[in-house]
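See structure below.
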Amino acid sequence: MRRMKFPKRYLIVILTFICTSVCYIERVGFSIAYTVAADAAGVNQSSKGTILSTFYYGYACSQVPGGWAAQKIGGRRVLFLSFVLWSLTCAFVPLDPNRVAVLVIARLLVGVAQGFIFPSIHTVLAQWVPPHERSRSVSLTTSGMYLGAAMGMLLLPTLVKFRGPQSVFVAEATLGALWSLLWFKYASDPPRSEHSKAAAAGFGESLLPVKGAQKVKVENGGSSVRTGGIPWKRITLSLPVWAIVINNFTFHYALYVLMNWLPTYFEQGLQLSLQDMGSSKMLPYFNMFIFSNVGGVLADHLITRRIMSVTRTRKVLNTIGFIVASLALMVLPLFRSSSGAVFCSSVALGSLALGRAGFAVNHMDIAPRYAGIVMGVSNTAGTLAGIVGVDLTGRLLEAAKASYSDLSSPGSWNTVFMIPGLLCILSSFVFLIFSTGERIFD
């Protein structure tokens, strides 16, 4: 019977998968609900971009503190507190485009709270997940983002249509509260007694590649890991870390621009109604969900079967994903039908998700003990991409509207999608040259 027991680490991975799904339902939900409310109130594109990007200011401020907090008091506790904070904010804030100050403060709070989540998740996974399951576990967890975005795009426009924009906030707060209860009841730190190798961060198992000279034997056949301060200088000056940071920036620039402005592109660029598009509008994000998991399983297969080294696996998947995404992004404005636009955006986002099996898992290869810290640093860059990309897109569209009189012309959107396309090409070469799959931090 003990052999048939469901491993606790699987439950932890499933809960973190649900966690990222709910977070991205919230992000997509705000974009949909606010776009409807702002358009009804006559808010211009530049002002919409400012409000939509406010979340990322708070998100950027809490990435590194999130990694530090998870390292010091445990990712499990930080994750719970973060979820409770953003859920309460959604529950009590009115969605009124004319109350700009209230919306700005609320989005900053939600951003700060959610900024602690992903560094905490990676700290938890570094404790629980063994190396041969690492790529697919991280890919499954992060794929929850895309499934959440897909479900949000599918269901929330209908909710807005029949219940109004404010109903989205209520639904998001309810989902957040339900997940918090599940995490509080079922999550735990991995006990030392079950894991002979102490994790680099917290109580859990290491089960990560550590050279023999770096382990210290202790009584009863166990092993311990030398502790010390966080090597901030080495992290800051490390070229492999910078390769992760740059690729994280590019990935999130493309993702956040599409996530926040794809509803506007469908409705004003292509003159389509989100409600009338049916399930097709969720396909780009559902494609991300599929290919994120395909990338994780494929990476683990290539590594465990020794078909490729860890370094080569990361580089190959990252390069393929980013190059294909760049091509799809740059030709996206040329497709003027619903099916063409959905196809192109699906290829772009699916390819980016495949690339996550490269850069997004790499911090656990090079710095397993400091996984939360390196994730916090790289995710800060990704969040800055949200600030720059979402706000810049609003300004570009406002300028294009002045030149073309409306946003239905392909020329209005060329620059919007050309920028992330070129960034994908640049980032893929940076990762190809400077990244490594070897552990470089003790």
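Positions of Cβ are set from backbone N, Cα and C atoms, glycine also.
TrEMBL has this to say about the protein:
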DOMAIN    12-439  domain 'Major facilitator superfamily (MFS) profile'
TRANSMEM  77-95  transmembrane segment
TRANSMEM  101-125  transmembrane segment
TRANSMEM  137-156  transmembrane segment
TRANSMEM  241-262  transmembrane segment
TRANSMEM  282-304  transmembrane segment
TRANSMEM  316-334  transmembrane segment
TRANSMEM  340-359  transmembrane segment
TRANSMEM  371-392  transmembrane segment
TRANSMEM  412-434  transmembrane segment
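For the transmembrane segment (137-156), the residues of the chain that approach it from at least six positions outside its boundaries are 9, 13, 16-25, 27-29, 32-33, 121-122, 125, 129, 168, 171, 259, 274, 279, 281-289, 292-293, 295-297, 299, 349, 353, 356-357, 360-361, 364, judged by C-beta separation under 8 angstroms. As a quick check, the transmembrane segment (340-359) and the transmembrane segment (282-304) clear the bar of 3 or more Cβ pairs under 8 A, pairs 6 or more apart, so the two touch. When each of 77-95, 101-125, 282-304, 316-334 is checked for Cβ pairs under 8 Å to the transmembrane segment (241-262), 316-334 comes out on top. Mean pLDDT for the domain 'Major facilitator superfamily (MFS) profile' (12-439) in the predicted structure: 85.
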